[in-house]
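Feature annotations, courtesy of TrEMBL:
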type: REGION; residues: 1-27; note: region 'Disordered'
type: COMPBIAS; residues: 1-12; note: compositional bias 'Pro residues'
type: DOMAIN; residues: 37-149; note: domain 'Semialdehyde dehydrogenase NAD-binding'
type: ACT_SITE; residues: 157; note: active site, acyl-thioester intermediate
type: BINDING; residues: 188, 189, 190, 191, 192, 193, 194, 195, 196, 307; note: NAD(+) binding site
């Protein structure tokens, strides 16, 4: 395992990555361990909110923030004592030490260009774009499955919000088809989100099937310009058998919502799951509808930007587990 030295404590700022085993866990002697160094590429809305979350981490220390033009996000990072540059990934990969992990919050096209360079340098990548170059990860579904992958995909904001619900249904009854609709405030959709709309629909549809467990998946995103901005809302429809155990489906949905709230406190069911009886024009299937709201945590972005908050919260969760694996500390 490659070890990287990390920046020392900054005046007035506690070092984020000095974890100890508290409470004690098997295999840990309680000594302080060096944090795993991380970099954030893309200092926009998502990258800046992610930085706020990672600053609270016990196992990750953000050493670098990288963009391609000077921005408020880079200035914010510098103000926190973090090395920040507008010279792009080339600058990052010339640094000594290199980061152990890089979180990319740019665009699908940019990540496709950067990923081979990370791999060549031996830097593990957590991809917050819809590029989908590595295995897709949704924390409450397959969090620990790809800890050693060189590149993991965080799918999309709509995927992180809705795939747990598809999985909640499919783990108790077959789901031949699932459809998700993600409605987000237009004001909370920056240039990166808008540039990735086509990739969003393709990647989310694929993940609804592959990770959620549906036979087929479809995804739709709506950018709503209403003022004041709306809180993110998501609708999930799952086709189920006419004799599916509705009580078991409902219980599984509530259990999954509780699991997501462990890292996204603003994740809520707006109503009880709604069941529709089988219909001939649904190929004889019944249907369950699930209605969600995702309120942001307000770390950097406003509460209405739950679509971005759920991505950064999920990425931080995955990154921390990767860091623990690198430290060989039980998670």
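The backbone N, Cα and C atoms fix where each Cβ goes, and this holds for glycine too.
A map of TrEMBL features onto the structure.
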residue	record	Cβ neighbours (10 Å)
157	active site, acyl-thioester intermediate	32
188	NAD(+) binding site	25
190	NAD(+) binding site	14
192	NAD(+) binding site	21
194	NAD(+) binding site	12
196	NAD(+) binding site	22
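Neighbouring residues of the recorded NAD(+) site, listed in sequence order and excluding 188, 189, 190, 191, 192, 193, 194, 195, 196, 307, comprise 45 (Cβ within 8 Å of the Cβ centroid). According to DSSP, residue 196 (NAD(+) binding site) is assigned to coil rather than to any helix or strand.
Assigned with DSSP, the residues of the domain 'Semialdehyde dehydrogenase NAD-binding' (37-149) fall into helix, strand and coil as follows: 41 helix, 24 strand, 48 coil.
According to its DSSP assignment, residue 188 (NAD(+) binding site) is helical. Mean pLDDT for the domain 'Semialdehyde dehydrogenase NAD-binding' (37-149) in this predicted model: 96. Distance noted between the C-alpha atoms of residue 194 (NAD(+) binding site) and residue 157 (active site, acyl-thioester intermediate) is 13 Å. Binding of NAD(+) is attributed in the record to 188, 189, 190, 191, 192, 193, 194, 195, 196, 307, and the widest Cα separation among these residues amounts to 15 Å. Cα of residue 188 (NAD(+) binding site) to Cα of the residue listed as 'active site, acyl-thioester intermediate': a distance of 12 Å.
Cα spacing between residue 196 (NAD(+) binding site) and the residue listed as 'active site, acyl-thioester intermediate': 11 Å, rounded to the nearest whole number. DSSP assigns residue 157 (active site, acyl-thioester intermediate) to a helical segment in the three-state reduction. Counting in whole angstrom, residue 192 (NAD(+) binding site) lies 12 from residue 157 (active site, acyl-thioester intermediate) by their C-alpha atoms. Note: the Cα of the residue listed as 'active site, acyl-thioester intermediate' and the Cα of residue 190 (NAD(+) binding site) are spaced 13 Å from each other.
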